[in-house]
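Q: Feature table excerpt (Swiss-Prot):
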- 42-139: region 'Disordered' (REGION)
- 52-99: compositional bias 'Basic and acidic residues' (COMPBIAS)
- 104-124: compositional bias 'Low complexity' (COMPBIAS)
- Arg165: site 'Interaction with target DNA' (SITE)
- Glu414, Arg421, Arg437, Lys573, Arg587, Lys593: ATP binding site (BINDING)
- Lys416: active site, N6-AMP-lysine intermediate (ACT_SITE)
- Asn438: site 'Interaction with target DNA' (SITE)
- Glu469: Mg(2+) 1 binding site (BINDING)
- Glu568: Mg(2+) 2 binding site (BINDING)
- Lys619: site 'Interaction with target DNA' (SITE)
- Lys644: site 'Interaction with target DNA' (SITE)
Amino acid sequence: MRTVFSQIPRFKQVNQYIRMSTRQSDISNFFISSASHKSEHVEVSQSSSDSKNVDGRSTSEKRKVESVKLVDESKHNNHDDTGTQNVERENNIVSEAKKQKTLGSSSSSSDAVSSNNDSGASTPIPLPIKEPPLESNARNDKLKGHATFAEMVKAFTKIENTSKRLEIIDIMGTYFFGILRDHPSDLLACVYLSINKLGPDYSGLELGIGESIIMKAIGESTGQTLQQIKLSFHKVGDLGLVAQTSRQNQPTMFKPAALTIPFLFDSLKKIAQMSGNQSQNRKIGVIKRLLSSCEGAEPKYLIRALEGKLRLQLAEKTILVALANATAQYHADKNGEKLSQQDRIEGEQILRDVYCQLPSYDLIVPHLIEHGLGTLRETCKLTPGIPTKPMLAKPTKQISEVLNTFDQAAFTCEYKYDGERAQVHFTEDGKFYVFSRNSENMSVRYPDISVSVSKWKKPDARSFILDCEAVGWDRDENKILPFQKLATRKRKDVKIGDIKVRACLFAFDILYLNGQPLLETPLNERRKLLYSMFQPSTGDFTFAKHSDQKSIESIEEFLEESVKDSCEGLMVKMLEGPDSHYEPSKRSRHWLKVKKDYLSGVGDSLDLIVIGAYYGKGKRTSVYGAFLLGCYDPDTETVQSICKLGTGFSEEHLETFYNQLKDIVISKKKDFYAHSDVPAHQPDVWFEPKYLWEVLAADLSLSPVYKAAIGYVQEDKGISLRFPRFIRIREDKSWEDATTSEQVSEFYRSQVAYSQKEKEGSPAAEDY
């Protein structure tokens, strides 16, 4: 053993040893990551003065393990035929390290490339399952000069040090411009990594990695026990920081090859696609190999990406603006043109509009690289098979507001059905899709809808996109079922023969027909097309019931009728002219929703995230008795507490929720949860953000305890719900689709304005 360590100075001299701290920042001088799945650096303890390691083993014991690790890594690396200088350096060490093989210790599983070593005694940490090589090509990577993760991390670090949105846009715009100029083929992966996604929402690609897997990977990669990692996490509350600190404290002989963007992105996608036997061990293996190539702040952002939260103020709308600015500047420079501020503003609007219609960077980014923003609207249009973002409605507290909003314009009232928003697509080649409001592909969940298409689609409808509500239907009595019945349907692997609750489509809009987008067609014309191309089929498909009303009395009557017909209330929409156009992703005042239950309350229900719970008392001692809920601020990527909820539950509800939530309990509050730090205000347990509940409240009030929309109305106070009541679980939405902080502030302002109007007997100000 002494022989190995006595030779380290000579290895440094002969092999031109380069310290990690001198790593070059110029992207063109970075090493590109290896083609194979193995790490290109060797870990050796460089300190002979330490008497004990952090995991309690003696220095000599640690050196024995690391010596054999060094042998196995070098032996594995001999299979690399790239002939790079790094491999030659490692081969020089192999001959010395092999002399120590007789120690009898087997390689620890913390070795990022030791999975091929089948010999040796067992170690305290089990060896991972052999991992197939990740597909990459080191030689091609080096020739192409791919972008590195280090450059992205530099941009992220700058963003973490500012809260100014314009600065954040400028930082990301500059970063994207550099990628366009130097590595255009990497732009798509860079965009996805910046928004922490692996593909379009409808692709269904999600990492789905829990804290336990990440902790285990960090521990095995850095030579620490799981208990040590848990202890560090409990202290700092950020696994990214734990990984960064652990990696920095890990001695290394050589700097690792730079982690390239394509290699990282492909690795994350492979993790997302892993399933079946031993998939957990395989995921850990990939994470370890990625960590072994990280330096500086890279481990922090890698781990945060795996967790699904970068914790930067990088909302997707910010990325869109930055990407538009970078694209406009790149093509202006390329064509020798000067870019004006007006050009930038127009470019931002073009990209926003196109992305709302066609939310797929897979299709948009290649066009941006090749042609810029000028022809984007003509090329990237609404397309069957790719879900567009749905148009949303504003809530209203009183029917008179409807008449005030629409004034003398023509409008229509439609039933608001109590079901699941469904965007139905039919392509020219006969493919059928059903997408949820958050672009999830629900086709496999609704095979009964798919097989009924021929009953309600007329032959002339060759391709189309419909906006509908999927509603539970009682086929025996031919009537609507409550949403709770529809929610009992399985979400995956649904077979028609096993379906107990059938779904019926209630269509209320058509967005695309036979090759033509209809978004800029007035609603009255879209409705005519809808009625001419489709026909009702009892229990399978029908049209949303509508009535064109003109007075408060007639609207009230239609509202009462909708409630009797098992609906939630009414949707009131502009019927003619440009204001009746369909606006994807926009919550517009040209659509208003009127719900019977909410006319005297907040004006709408809220969809809130379950983030904590309080143990029950009395009859509820065996379950959670109340819950801490929060709204979501997409700009700051924070979940902000809004209320403690303890009413509206049945005993069956509480039992079900306890069994669901106990599996996602976490040891401490997430660092992106905003809630009072006062001990008396803390819940008994905290949860991972996963479940979304619909909640109704009497009204809203300012609060020093709850942090919802803090800073929107008052700098030091948030907004809370008074007398909240549980309505239902929102299985059709992800937790990131929760009611936003901005919406909460709008509800509060509307409430204050309405109160002032009643008190003073004067019209409320438009902008309170």
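Glycine is no exception: its Cβ is also placed from the backbone N, Cα and C atoms.
What's the neighbourhood like for each of these?
A: Around Arg165 (site 'Interaction with target DNA'), the same-chain residues at least 6 positions away in sequence with a Cβ under 8 Å from its Cβ are Gln313, Thr318, Asp635. Mapped onto three states, the DSSP output places Arg165 (site 'Interaction with target DNA') in helix.
For Glu414 (ATP binding site), applying a Cβ distance below 8 Å and a minimum sequence separation of six or more within one chain yields Phe508, Ala544, Lys545, His546, Leu570, Met571, Val572, Lys573.
According to DSSP, Lys416 (active site, N6-AMP-lysine intermediate) sits within a strand segment. Close to Lys416 (active site, N6-AMP-lysine intermediate) in the fold, though at least 6 residues off in sequence, lie Ser562, Cys567, Glu568, Gly569, Leu570, Met571, Lys593, Val594, Lys595, each with a CB less than 8 Å from its CB.
Remark: Asn438 (site 'Interaction with target DNA') has Asp201, Asp732, Lys733, Ser734, Asp737 as non-local neighbours, by Cβ distance under 8 Å and separation of at least 6 in sequence.
Glu469 (Mg(2+) 1 binding site) falls within a strand when secondary structure is assigned with DSSP. The Cβ of Glu469 (Mg(2+) 1 binding site) has 22 other Cβ atoms within 10 Å, all protein chains considered.
Under the three-state DSSP scheme, Glu568 (Mg(2+) 2 binding site) falls in the coil class. Residue density at Glu568 (Mg(2+) 2 binding site): 20 other Cβ atoms are found within 10 A of its Cβ, drawing on all protein chains shown.
Neighbour list (Lys619 (site 'Interaction with target DNA'), Cβ cut-off 8 Å, at least 6 residues apart, same chain): Glu651.
Its Cβ taken as reference, Lys644 (site 'Interaction with target DNA') is surrounded by 19 other Cβ atoms within 10 Å in the chains shown. In the three-state DSSP scheme, Lys644 (site 'Interaction with target DNA') is classed as strand.
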Q: How big is the Cα-to-Cα gap, in Å, between Glu469 (Mg(2+) 1 binding site) and Arg437 (ATP binding site)?
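A: Glu469 (Mg(2+) 1 binding site) to Arg437 (ATP binding site), Cα-Cα distance: 10 Å.
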Q: Kindly assign Asn438 (site 'Interaction with target DNA') to one of the three DSSP-derived states: helix, strand or coil.
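A: Looking at the DSSP assignment, Asn438 (site 'Interaction with target DNA') belongs to neither helix nor strand, so coil.
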Q: For Lys619 (site 'Interaction with target DNA'), what is the secondary structure state per DSSP, taken as helix, strand or coil?
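A: DSSP call for Lys619 (site 'Interaction with target DNA'): helix.
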Q: Neighbour count first, Cβ atoms within 10 Å, every protein chain included; then name which of Arg437, Lys573, Lys593 tops the list of binding-site residues.
A: Lys573
